[in-house]
Amino acid sequence: MHQLRTLRSIRSLRGKRVLVRCDLNVSTSASGKLTSTDLWKLRGVLPTLAYLRRKGARTIAVSHRGRPHGHDHDLSMRPVVQKLAELMKTSVDFWHGSIEDYEARSRSLKNGRIACLENIRFFKEENANDPIFGKKLAALCDIYVDDAFGNVHRQHASMVAVTRYHPAYAGFLMEYEVAHLAGLLERATGPIVAIIGGNKISSKIRLIKKLLRKVDWILLGGALANTVLAAMDYKIGRSVYEEDMRTWSRSILHNKLKVPLDARVAHTMQSRTSRIASIGAVHNKDMILDIGPETVDFYGQIIAHAKTVIWNGPLGYFEDPRFARGTKDLVEILTKAKAKSYVGGGETVKAVLAAGAEHKVHFISSGGGAMLALLEGRPLPALRAMYKR
């Protein structure tokens with residue numbers, strides 16, 4: 001297997017302009033406060049930025065935030081840069097303007113200083129992976145470092161086009177993520193349990209197909225489990241599911257695949273009352289919004305036999321605390337299990353952090369879609385650019 005080209009392998013950084021692609025895609029409140037998940041995410045990039053500062057590099061951080069269509073004041077990087085400076089206990093310059101402006105500023109940036117560009121997605125060329133835009137980004141630096149694991153499955157200019165003009169080096173977070181996730185399904189100790197939740201089974205088709213070949217059990221939850229239940233001819237009432245995926249879901253039915261035995265149901269997501277129903281007793285007006293206690297016990301028994309657990313996606317309508325119980329209970333079970341656990345996906349990570357369990361699981365990924373893509377073995381041009389040839 002090819003080795004990653006890493007930041008630590010660069011002999012001299014002093015005086016070099018280093019463009020670092022970070023994942024600073026976090027939300028801030030009007031008061032500038034961050035959620036615990038977003039704070040954890042920002043801290044993930046600190047080792048790379050602090051290392052570059054210590055080595056006397058002239059560091060230029062670049063990130064996206066949200067999905068803007070042109071300039072959007074609410075998605076500016078300015079409040080994030082302020083929080084980053086606070087966490088690093090140093091000043092971080094905030095640059096906005098044109099790419100040409102950035103190049104001029106990059107040449108006057110002093111050794112050991114850090115600057116952060118405005119939201120790179122304000123430029124339409126970013127998402128288009130425009131090669132000319134990539135060349136302009138490359139002109140900002142002598143060295144390019146990619147530390148945005150959460151975005152590594154995206155073919156965007158600051159991830160891919162820029163690497164046509166500079167070798168790509170993996171930052172510390174990228175190196176850590178790839179070391180844990182690349183080839184995981186091939187080297188993990190069995191029995192292996194995968195917990196797959198979230199909304200759409202269509203977004204996890206490739207992963208589930210691969211998991212069926214590699215793991216011992218797959219435990220389903222969330223709205224994607226509703227699609228499988230519908231394929232098994234269970235009545236799911238008014239639950240969210242993908243009608244066009246029923247036929248495909250029938251094709252993956254296997255004794256490795258475990259579905260909920262019971263659920264917390266309500267008439268709507270806004271209903272004040274809810275109840276526990278067995279999967280065979282969901283009424284026509286019910287919506288399945290979380291796994292039930294019998295399912296938690298059943299899944300817990302399976303997890304107890306595992307040596308490796310891989311989890312991506314919440315098991316209910318996690319945004320509402322009333323329907324987050326199943327996910328929270330599984331987190332507690334996981335922290336007490338003997339298995340090595342690998343967790344990824346925004347809501348799943350949020351549940352782990354909310355439980356104060358970040359030090360009780362083996363590995364937490366900063367990427368949801370990126371984690372899935374790497375486990376699937378999907379071609380990732382941004383990652384491929386970091387491998388030594």
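Each residue, glycine too, has its Cβ placed from N, Cα and C.
Just so you know, TrEMBL annotations never went through curation; they're auto-generated.
Owing to the predicted nature of the structure, the values given are computational and were not obtained by experimental measurement.
According to TrEMBL, the protein has these features:
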type: BINDING; residues: Asp23, Leu24, Asn25, His64, Arg65, Gly66, Arg67, Arg121, Arg154; note: substrate binding site
type: BINDING; residues: Lys204, Glu319, Gly345, Gly346, Glu347, Thr348; note: ATP binding site
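Neighbouring residues of the recorded substrate site, listed in sequence order and excluding Asp23, Leu24, Asn25, His64, Arg65, Gly66, Arg67, Arg121, Arg154, comprise Ser63, Asn119, Ile120, Asn151 (Cβ within 8 Å of the Cβ centroid).
Rounded to the nearest whole angstrom, the C-alpha distance between Glu319 (ATP binding site) and Arg65 (substrate binding site) is 21.
The 10 Å shell around the Cβ of Gly345 (ATP binding site) contains 21 further Cβ atoms across the protein chains shown. Cα separation, Thr348 (ATP binding site) to Asp23 (substrate binding site), rounded: 18 Å.
For the binding-site residues given as Arg65, Arg67, Arg154, Lys204, the lowest number of other CB atoms within 10 Å of the residue's CB is seen at Arg67. Proximity of Glu347 (ATP binding site) to non-local residues of its own chain (separation of 6 or more, Cβ distance below 8 Å) is seen for Gly198, Gly313, Pro314, Phe318, Glu319, Thr327, given in sequence order. Looking only at the binding-site residues Asn25, Thr348, the densest Cβ neighbourhood within 10 Å occurs at Thr348. A gap of 22 Å separates the Cα atoms of Lys204 (ATP binding site) and Arg67 (substrate binding site).
For the pair formed by Arg67 (substrate binding site) and Gly346 (ATP binding site), distance between Cα atoms is given as 16 Å, rounded to the nearest Å. Counting every protein chain shown, the Cβ of Asp23 (substrate binding site) has 24 other Cβ atoms within 10 Å.
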